[in-house]
Amino acid sequence: MEAGDLLNQTTLVTHIRLRGLSVDQRVQMTVFAMFLTFYVLTLAGNVLIVITIIYDRRLHTPMYFFLSNLSFIDVCHSTVTVPKMLVDTWAEEKLISFDGCVTQMFFLHLFACTEIFLLTVMAYDRYVAICKPLQYLTVMSWRVCVLLAVALWVGGTIHSISLTSLTITLPYCGPDEIDSFFCDVPQVIKLACTDTHIIEILIVSNSGLISVVCFVVLVVSYAVILVSLRQQISEGRRKALSTCAAHLTVVTLFLGHCIFIYSRPSTSLPEDKVVSVFFTAVTPLLNPIIYTLRNEDMKNALNKLMGRLEGKGKK
């Protein structure tokens, strides 16, 4: 096949149709109300966490530095898919341009992979704090924290570029519909008019392997932490267990989706949409709830911030 013919095939599909979550208009309105509520609460909760951490100097520690990064990523991650889905609930045809689809895939994997790396770094931070408390300030210095933050963003960018590049090099000459409410690599490559077996293997070995390896590392880290906690006094143990339980809950919810979607060939399952809803809308909302309701320092800082704002409002 000539290079020009391949280019023509590649550019035949200019828009992609999204089936969404349902074709029933009443269900669509329910979905709209639910997702809009989730999205507003996600924005409010995560932005409040970032502001609180910036405002309260007692929270200027590595743990809360990474937590503020997590909240920022959750806002971005949710914004990649939810606003488009909200607009589509009112549209007769749920269309997205091919370029828009590629852009959505790029940022979806950028924020998702960066969050996976961040959750791994947060587990390491808790391991050092609990198992090597005397060395904590040396090991997790601000220089180290900034370098880790830069590294996880760079890692997420490299991952996203590699997956997106694999996707856009395929020829797309029809069909043009995917059974989802956002663009993701496994669904999009099924539209390619060529054999994608090798690409699917690369996706599993990339996204799937990253998810599984990070999950194993996280589980081992928390197992070591739990063994170490058996030797600590009750109050310190209770606080550490609360923090670790919050982290482990977030890890399970987030990485569970990644392992389910990306650790198998690109075959559609009935559960895919439900899992994707948790991945894009529910998990970013649960993060601020989990980290604030189970964290005394965050609750105290939030109360202090709310008190200060109320005082200014009365003046």
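From the backbone N, Cα and C atoms, a Cβ is placed for every residue, glycine too.
Per TrEMBL, these features apply:
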- 31-55: transmembrane segment (TRANSMEM)
- 45-291: domain 'G-protein coupled receptors family 1 profile' (DOMAIN)
- 64-86: transmembrane segment (TRANSMEM)
- 106-124: transmembrane segment (TRANSMEM)
- 136-156: transmembrane segment (TRANSMEM)
- 209-229: transmembrane segment (TRANSMEM)
- 241-262: transmembrane segment (TRANSMEM)
- 274-293: transmembrane segment (TRANSMEM)
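Sequence-distant contacts of the transmembrane segment (106-124) (same chain, six or more residues past either end, CB-CB distance under 8 Å): 63, 66-67, 69-70, 73-74, 76-77, 80-81, 148, 151-153, 155-157, 159-161, 163-164, 182-185, 207, 210-211, 214, 217-218, 221-222, 247, 250-251, 254-255, 258, 279. When averaged over the domain 'G-protein coupled receptors family 1 profile' (45-291), pLDDT in the model lands at 84.
Segment contact holds for the transmembrane segment (274-293) and the transmembrane segment (64-86), given three or more CB pairs below 8 angstroms at sequence separation of 6 or more. Counted as Cβ pairs under 8 Å, contacts with the transmembrane segment (241-262) are highest for 209-229 among 31-55, 64-86, 209-229.
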